[in-house]
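Participant: One structure coming up, written as structure tokens, with questions to follow.
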Amino acid sequence: MAKPRVYELAKVLNVDSKTVLEKLKDMGEFVKSASSTIEPPVARRLKAEFAKDNAKGDSKPASSAQKPAAKPVQQRRPAAPSAPASTSSSAPTPAAPARQASPASAHQQAPTPGAPTPRPQGGARPGMPTPGRHGQHDNRENGRDNREGRENGRQSRPNDRRNNDRRNNQGRPNNGQPGQHQNNRDNASAPRPHAQGGAGANGGNAASNAIPRPHAQGPRPGNNPFSRKQGMHTPTPGDIPRPHPMARPTADSGRGGRPGRPGQGQGQGRGFRGGRPGQGGQGGPRPGQWGHNRPGQGGGSQGAGQGGARGGFRGGQGGGNNFQGGGAPSNGPARGGGRGGRGGAAGAFGRQGGKSSKARKNRLAKRHEYEELKAPTIGGVRIPNGNGQTIRLRQGASLADLAEKINVNQAALVTVLFHLGQMATATQSLDEETFQILGGEIGWNIQLVSAEEEDKELLQQFDINLDEEELQDDEDLKPRPPVVTVMGHVDHGKTRLLDTIRKTNVIAREAGGITQRIGAYQVTVNLEGEPRKITFLDTPGHEAFTAMRARGAELTDVAILVVAADDGVMPQTVEAINHAQAAKVPIVVAVNKIDVPGANPEKVRGQLTEFGLVPEEYGGDTMFVDISAKQNLHVDKLLEAVLLTADAELDLRANPDMDARGATVEARLDKGRGAVATVLVQQGTLHVGDAIVAGTSYGRVRAMLDENGQPMEAAGPSTPVQVLGLTSVPTAGDLFLVASDDRAARQIAEKRQATERAAQLAKRRKVVSLEDFKKKFAESEIDMLNIVIKGDSSGSVEALEDSLMKIEVSDEVGIQVIHRGVGAITQNDVNLATVDKAVIIGFNVRPNRQVADLAEREGVEIKYYSVIYRAIEDIEASLKGMLKPEYEEVVTSHSEIREIFRSSKFGNIAGVMVQDGEVKRGTKCRILRNGVATVNDLEISSLRRFKDDVQSVKEGYEAGINLGTFNDIELGDIIETFEMQEVERK
């Protein structure tokens, strides 16, 4: 079926293409645009994901619909008053207790059961709204509801308590009798001071019939004329308060005091704005204004002295002629009071009163955050202390990665590191030592994840378990051939032994007669009439191929140590023993060249005993076999010993039915086939068409070849095979595995590349400390020989680079490999060498004609080698030639002064006899007087023989010497001439 495109799927799913692209990204699929195609399995997964999301979305409303709704507050109509308003002397009707408002409806103002409905005062015209009674009550009721909705989320004001207070403040005294509050609970809990005079009470009763009393409503939203509408309703003519014509402030009237401080007021009220109770606070709208129906800034009072509903704005302790907080005003003299409290609406000239609760909350939150910061200040920055917590970072991590983990600023970490004596940028990769120093200072235990753990975590993201082979059942395991590595010193006959076993002649094709790459072969031998397969790995014996020998020891099951009977144990023999013992691999010793004159196999046995290889005839457990690979003597006994050792000490079984896994033995770049990797399958079976990942290389297996170049369809465990189809040349020793598809293989390879690049940067970018700053400047003056290495195989390039980096000539010169690669020398290599003034080394590779012409035009030197030790010798000689020359002083002549001639034009002229050597004009000289050098830095400015100017005078001749302006010479002085000659450095 055809592959669907993204926009087509978006149409089918009834979503836009952007949503589909984001969903694909979340699923781990990388799609470029909406017109890109995707695989049918991915499309099915995508549809399933959308179906799952839709199912989740449908279940949410259903679940929410099942929740019971909050029980509404029961609305009750207010009961009719028990007596008409005219009967003021009748007993008051007790008010029913207010119902507790539920949290769901805390903002609703339910009328109190049993409370009387507000009625117009006598004298008001029927049908006309009385100011401060019905119209003001209704409009302000709406404004208060709006305000309560806005202030519902403020944490600093308790909603439930405030709403209850507002409801209770609406209570009016029944039958016109002041002092009877409608909320019994509030009256019982709030302290009420005694009335300080009866005049106030009587005056309050008289005034209650003439002047309408304002209701205790919510605070005014604000009166800033420069701001937009602040929640206030549009006033109607009946709502506009009219000042009393006789309202004038008296001298004794005072303003309300600060809430929370007892004053001189008559009653006990509570400020409305801010929700904080105030002691006293009976101030009216303005001091001494009678008849003003606008609630003042004083708190509510309880009638005249003790009664009255609480209401009004938050205010203070005023008393006297002011409004009594919504109660009856008193006609008596003002009782004084303090200054008005904080709060109030924002005015035209800025906000008055204290800061808002939001600002207080932010200040408290900042204070809390400040107290949480317990780390010491380092360099002016404050970083939270980790208290020894452990944090894991990847290899090559930077300060930016650490800052993201512990949630601090990157610049702060840079500052701390600078004060610790280290200089690094926020994005620079750091090593483990620097992270440990920084972590110890800020209280964090920083650990860098090893490369193996990081790779294991990466593979687990793609459902690949590297420990799967340890969890195999015994029924799934089947026998596999042993992997045998042939190791030993160079020219001891390793490749000759393999040629004899395979009946081939590989050694004739090796440059210089030495092996410079790992060869993998599989042969079939007969053991007791039964055919058995053995996989052989031939490792180089030259000292430059240490990494190859170590790699071969890690991949092998049994090691054959080849030792020449005439040479005995050599340095690379000891190294091979150490590699095998480190890998815990059993060793079978093959004493070769027993047919050569001077061969002494017993000497070899005695030498190897010192390294823990004791022969069986000496009471040990190591098998020794005397062979001659050239004459094919006892080779069959050697193979028999290998198989017996493998059967006795090893469990050679593997599961051939799982996905293939193994190691890359060798890799090269073929001109016609591309990247060719020789791999050894260790688990499972590798098939043509599998998607594989080898290190940072990936691809699909296009073809597989055996060691003879014959195509193969499948390769089982312990089978060496050449794989074609990789996008790049992998590194020798990289593990390979089979991925689920090409996309997963590419993602694994790309993430490995990023990890490897970061690790290399961490090693290359050494953090410069302040103490080493001068040292780094001195190192910048070192002459570096830049080299570009190109070779035919990955292992050869690696071995050549390691060998060149080990060359130590002097501290004044060094080697820097700016690029290395596998394959022919390309134009990019020449361009890179041109910029960096580098030398290109071609190991078994050549450039084409165009690249060679370009290198000649640019003056780039290309050196070709086929044997590794010749390349090492030439580079070492080049480094010695780069050394700065050293000079030493060489005495050339001695001349005795026998006469002094004085000249007004030239000064003193010494007549000398040359005793030895040759005197030359312009050479340096010194004066020796009685065997002591009086003056050193002199120069022979003129040299004459009689009247002729000469260049030199030899031994036994007389001459006249003028020393320029120096005239302090005496008879008998010796003029010694010398030269500075360059000395060859070693």
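Just so you know, glycine gets a Cβ as well, placed from its N, Cα and C.
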Participant: When Swiss-Prot marks a stretch as region 'G1', which of 384-391, 488-495, 528-535 is it?
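Facilitator: That would be 488-495, per the region 'G1' entry in Swiss-Prot.
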Participant: Do you know which of 513-517, 598-602, 653-657 Swiss-Prot annotates as region 'G2'?
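Facilitator: In Swiss-Prot, the region 'G2' feature sits at 513-517.
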Participant: Which one of 538-541, 670-673, 706-709 shows up in Swiss-Prot as region 'G3'?
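Facilitator: Residues 538-541 are the ones Swiss-Prot records as region 'G3'.
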Participant: Please find, within the list 592-595, 616-619, 684-687, 820-823, the residue stretch that Swiss-Prot describes as region 'G4'.
Facilitator: 592-595
Participant: Just to be sure I understand, if DSSP states are collapsed into helix, strand and coil, how many residues of the region 'G1' (488-495) fall in each?
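Facilitator: The breakdown for the region 'G1' (488-495) reads 2 helix, 1 strand, 5 coil.
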Participant: Can you tell me how many other Cβ atoms are located within 10 Å of the Cβ belonging to Lys494 (GTP binding site)?
Facilitator: 28
Participant: Counting across all protein chains present, how many other Cβ atoms fall within 10 Å of the Cβ of Asp491 (GTP binding site)?
Facilitator: 16
Participant: Mean pLDDT for the region 'G2' (513-517), rounded to an integer?
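Facilitator: Its mean pLDDT is 45.
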Participant: Among all the protein chains here, how many other CB atoms are within 10 A of the CB of Gly488 (GTP binding site)?
Facilitator: 27
